[in-house]
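One structure below.
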Amino acid sequence: MVNQQTLTLRGMGCAACAGRIEALIQALPGVQECSVNFGAEQAQVCYDPALTQVAAIQAAIEAAGYHAFPLQDPWDNEVEAQERHRRARSQRQLAQRVWVSGLIASLLVIGSLPMMLGISIPGIPMWLHHPGLQLGLTLPVLWAGRSFFINAWKAFRQNTATMDTLVAVGTGAAFLYSLAVTLFPQWLTRQGLPPDVYYEAIAVIIALLLLGRSLEERAKGQTSAAIRQLIGLQAKTARVLRQGQELTLPITEVQVEDWVRVRPGEKVPVDGEVIDGRSTVDESMVTGESLPVQKQVGDEVIGATLNKTGSLTIRATRVGRETFLAQIVQLVQQAQASKAPIQRLADQVTGWFVPAVIAIAILTFVLWFNWIGNVTLALITAVGVLIIACPCALGLATPTSIMVGTGKGAEYGILIKSAESLELAQTIQTVILDKTGTLTQGQPSVTDFLAIGDRDQQQTLLGWAASLENYSEHPLAEAIVRYGEAQGITLSTVTDFEAIPGSGVQGQVEGIWLQIGTQRWLGELGIETSALQNQWEDWEAAGKTVVGVAADGHLQAILSIADQLKPSSVAVVRSLQRLGLQVVMLTGDNRRTADAIAQAVGITQVLAEVRPDQKAAQVAQLQSRGQVVAMVGDGINDAPALAQADVGIAIGTGTDVAIAASDITLISGDLQGIVTAIQLSRATMTNIRQNLFFAFIYNVAGIPIAAGILYPLLGWLLSPMLAGAAMAFSSVSVVTNALRLRQFQPR
C-alpha cells in the first residue's frame, strides 16, 4: 500500500534548497517517490505507511532548517484567512526591510561619492564617509538581510550550499575586509593592502536582493490566482427547504438529499438534480461553455453555476469536497504541484551550480591577485561572481509557467492532470477522434425501420427488438428502445441475453431466438442478408449505422440509426489540421458508414469496424510508427485507449471511467477544447523555453563578466552593486514572463 501526501514548504530560498529537500526525503526509508516544486512551495511524497509516517518526513525537513506541514484545505475559510494573513504579514515585513536597507544604502552611497569620485561635492560632508560611521550604518542593513546568513549557516551545517551561501560568502567577505580596514587600517597598509571599505556596496547589494525577493514573492502569489478564483465561485449560502420552511444556511451545512431552492440570478450552491421548475443556467464559469443550458426536471446542475431565468428546486446530490467544483480545484492543485520533465534539466544544473560558483569565485580571486597583485580588484571580482550567480531563475523557470498554464486551462474548462500532460500535449502529431459522443452528439436515434412482412409483423418485430435491446447499455440499444416505446410497443421478458462487444446482442424473446447486430456478425452466424442488401447499403452511404434483426436464423428487419454531428466538429477538425496534426476517426461502424461521416467532417484517415477491445491496439499501432498520439473519447470502452495514448483527452460529458483514464478532461464536452489545450500547451512550453533561455544566458554571460573577462579589453569591471541588481531582477523577470501566460487566448 502506498500513500500520497502533499506538504507545504516554507523557508526555501532558491532551487538548490528544493533539490536538497527532495534528496533528503528520497533518502528516507519507505519513501518511494518525491517531487519538490520550488515555485509552488510544495512537496508531493509517495510513501509506504508501514515504513514511515508523515510526521517523520516533516521532522527530517525541519531538521534541515526548513518548515513543512500538510497542505491546508483551500475550502476552509478560517485556514484560508490565516494563510492570507501570513502571506500579507510576510510581505509587509519584507517590504519594511527593503525600505530600511534601501534608505540606509542610499545614505551610504551619497556619503561615499566624494571618495569614489575623488572630488569634494558641496552639501556632502566628508565625515559621512568615515569608516566607523559607515560600519554603524551597515549593521542595521545586515540585520535586515539576516535571513541570507541564517539560511547559509543552516546549509553549511547540512554540508550543502544554496543561493544564500553565495550571498552570505560574498557580502561576508567584503564586510570582514572592510571591518579589518576600519579597526586596523595602519596594519593593513604596512601589509601592502589598500585601506578601502565596501560598506556601501554591501548595503546596496542586500537592499537590492531584498527588493528582488519581495517582488518575486508578490509575483509568485499571483501564479496561484486560478485556485483562489475557482474557490471564489462557490456560493456562500443556500436556501434549504426543511420541514416546510425555507432556511438560509451556510453552504457548509447543506447535506446530501436536501432540497434547495435557487432563484433567478442566484448561484446554484451545490451539485444536484432538478426536481421542480425550468430555467436556463450559465455554466461558463465552470465548463467554459458560453451559451446558457436549458434545465428541467430530471436534469443535473453543477454547483457554482448561475441560474438565469426561472426558479429551480434541486435535490442535493454532492456537497462539500465531493462537488464538481471541489474536484476541479483538487485536480488543478495536483497539476500545479507536479513537475514537468523539462524541469529535470534545470534540476540537474542547480544540483552542482552553487559549489561550481564558489569554486569559480575562489579561482577568480587567485588569478587576479597573482596576475596584478591587487587585492581590491581580486575581491571585487570574486564578490561579483558570488553575487551575480542566480540559481533561483533556473528554479522558477518551469514551475511558475506550469502553475499559470494549468490555471489558465481551468478557466477554459480544460482540466490538465499533471505538468507532464501539459508538456506532452505540445508534441502531439496525431489526434484520434472516437466517433460516437466525440464527433457526434452521443444521442443516436432511429431514423428508419424496414421489416419483411405486414404492419402487424413489423410491430411484433419492433417489440421483440426493443425488448432485447432493453437489456443492453449501448447507446444504439437505447435509441432502439426509445423508438419502440414511441411506437407504442410493450416490452417483453428476455432470457439467455448475451452482448457481443462490437457486434450485437442475442437472446430469447417469447420463445424466439433473436439476434440484432452488424452485417458482418450476422454473416458470421450464417444469416443471409441479401434480401435487404440494397437498402442496407443506401443507408450506410448516407452515414447511418445499420443493424439487422434476425429471428430464428433469418433476417426479418433492418434499422438505421443516426447520431447528429456536434456543431463544432467540422471547425475543430480544420483547426487541428491547420495546427499540422494528422486527424484520424475511429469507429465500430462499417467502412461505408464511417467514410460518409468522415467525409462530412473533413477527415481522410478512418479506422472503421474497430471493436471496443481493439481500440487500444489501434493506438499502439500508430505509436509503433513513431507517432505521438492523442486519443479523444468519452465512453467506458474508450478508457484502455485513453490510457494507451501518449495524451488521453476525455470529453467531460462522458463516463467517470474515461475521465479517470485521461490526462486532460474537457469539462463542457466542446471539442474546441482539444484545439485550446494544444495551443495552451505550446504557449506554455514556449514560455518555459524562454524562461530557461533567459536564466541560462543570464548566468552563462553574467558570471564571466563579473569575473572581469572584459577588463583586459575595455578596462571595465562590473561593480558588485550592479551584480546584485542583476541577480535580484533575473528571478523577477522570469516570473513576470511566466505571468504573461495569463493573457493567453485561443485562436
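Heads up, the Cβ atoms here are built off N, Cα and C, so glycines get one too.
Swiss-Prot assigns Lys154 and Leu713 to opposite sides of the membrane.
The range from 159-179, 600-620, 642-662 that Swiss-Prot describes as transmembrane segment is residues 159-179.
Averaged across the topological domain 'Extracellular' (372-378), pLDDT for the predicted model comes to 78. Counting every protein chain shown, 24 other Cβ atoms lie within 10 Å of the Cβ of Asp634 (Mg(2+) binding site).
Stretch with the largest number of CB pairs closer than 8 A to the transmembrane segment (133-151), among 200-220, 349-371, 379-396, 689-708: 200-220. The Cβ neighbour count for Asp638 (Mg(2+) binding site), using a 10 Å radius and every protein chain shown, is 31. Away from its own ends, the topological domain 'Extracellular' (709-720) comes close to residues 170, 174, 198, 201, 205, 377, 380-381, 383-384, 387-388 of its chain (Cβ-Cβ under 8 Å, at least six residues beyond either end). Residue pair Cys17 (metal cation binding site) / Asp634 (Mg(2+) binding site) shows a Cα separation of 42 Å. Cα spacing between Asp634 (Mg(2+) binding site) and Asp434 (active site, 4-aspartylphosphate intermediate): 8 Å, rounded to the nearest whole number. With helix defined as DSSP H, G or I and strand as E or B, the topological domain 'Cytoplasmic' (152-158) counts 6 helix, 0 strand, 1 coil.
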